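Here the structure comes first, spelled out in structure tokens, and everything after it is commentary.
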Amino acid sequence: MHELSIALSIVEIAEEEVKKAGGTQVEQIVLEIGSLASIEEEALAFAWQEAVKQTVLEKAIYVIQNTAGRAVCLACKREFELSFMYDLCPFCGDFRKELMQGKELRIKSLIII
Amino acid sequence: MCTTCGCSSDEPANMAQPGLQAKPLSVAGPPQKQFHLLERDVLQKNHHDAAHNRQHFEKSDVLAINLVSSPGSGKTTLLEKTILALKDEISFYVIEGDQQTMLDANRIEATGAPVIQINTGKGCHLDAAMVHEALHTMQPARHSILMIENVGNLVCPALFDLGEKYRVVTMSVTEGDDKPLKYPNMFESADICVINKVDLLPYVDFNLEKSKEHALRVNHKLKFFELSATKGDGMANWLNWLRLEHAGIPV
């Protein structure tokens, strides 16, 4: 379950940012998670409870913004949305594509108090 | 913080009256809420550590390979046979990642290659910092190959760059040929796909062509090696690829 490492990394970054800002805790954290990022939101929620104990994130509300997967077909050069990494180009059926979006795993913003 | 648009400013406001010098206005009140737009990658620290490892490998001419797969696909056997076949030509160093035990490290030690075992405990993957630490204990000689055998897991190790030049994912024909579709991130992040245990093909319901088709659907750049590490079939192509990569001849 890599979601625990992910949650711990988020705590580490939040601690650093709160210290930099001279605050005491985080009221809200917005995470951007791509639909192809291999993050199980339920597993993250479970890991979160443990990871944030006695940290600046203990009382924070977390908001997840999902980013859809997007790719450009290398055969017909058209862009398309994909739900799965193995999706074929819906226009020409080719399997060769370049992912443009969907693997994000970012802290977008924090409200520090 | 402005509750309308979420803007925040660290600069104190300036008030001015004609004829008087502007003075910062300070108002004591409840603790200020500060909105911080970060856009920080959660895995930033690992990316940084991996870049550091990669730089180190390039500087010391060490070819680093990250071996990933589900448990039981035959990574350790492939590693043993590879070292035994090439040890007179190439110096190998090995980092073994497992949750528990020294078993794999003991098998590698028997081949004569220096090996470090990392036990991740509850952890399900190696990260770049662990590899960095191992490099301080075992310094691979110049112009050698460092094989990093990751924890047997097709999910978590996909997210953690170790600083390797190539990521090699192994799937064996005793698994389903739909593995690449079920665990796309691992196949998408790999450079090479080894299909192992091909000697068992007559006895299992595994469609070799389908498995490659599935893997290419998630990563059209994958390069394949079909082999049997225990019986030796197809090993020559794999060993040759390693030889050429080690010699710095692009394949």
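Any Cβ shown, glycine's included, is placed from N, Cα and C.
Feature annotations, reproduced from TrEMBL:
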type	residues	note
BINDING	A:HIS2	Ni(2+) binding site
BINDING	A:CYS73, A:CYS76, A:CYS89, A:CYS92	Zn(2+) binding site
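Recorded features from TrEMBL, shown on the structure.
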residue	record	contacts (Cβ under 8 Å, 6+ apart)
A:HIS2	Ni(2+) binding site	A:SER38
A:CYS73	Zn(2+) binding site	A:GLU79, A:PHE80, A:CYS89, A:PHE91, A:CYS92, A:ASP94, A:ARG96, A:LYS97
A:CYS76	Zn(2+) binding site	A:CYS89, A:PHE91, A:CYS92, A:ASP94
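In this view, A:CYS89 (Zn(2+) binding site) is surrounded by 21 other Cβ atoms within 10 Å of its Cβ, with every protein chain counted. Among the binding-site residues A:HIS2, A:CYS73, A:CYS76, A:CYS89, A:CYS92, the ones whose Cβ sits under 8 Å from a Cβ of chain B are, in sequence order, A:HIS2.
Of the chain residues outside the Zn(2+) site list A:CYS73, A:CYS76, A:CYS89, A:CYS92, A:LEU74, A:ALA75, A:LYS77, A:ARG78, A:PHE80, A:PRO90, A:PHE91, A:GLY93, A:ASP94, A:LYS97 have their Cβ within 8 Å of the site's Cβ mean position.
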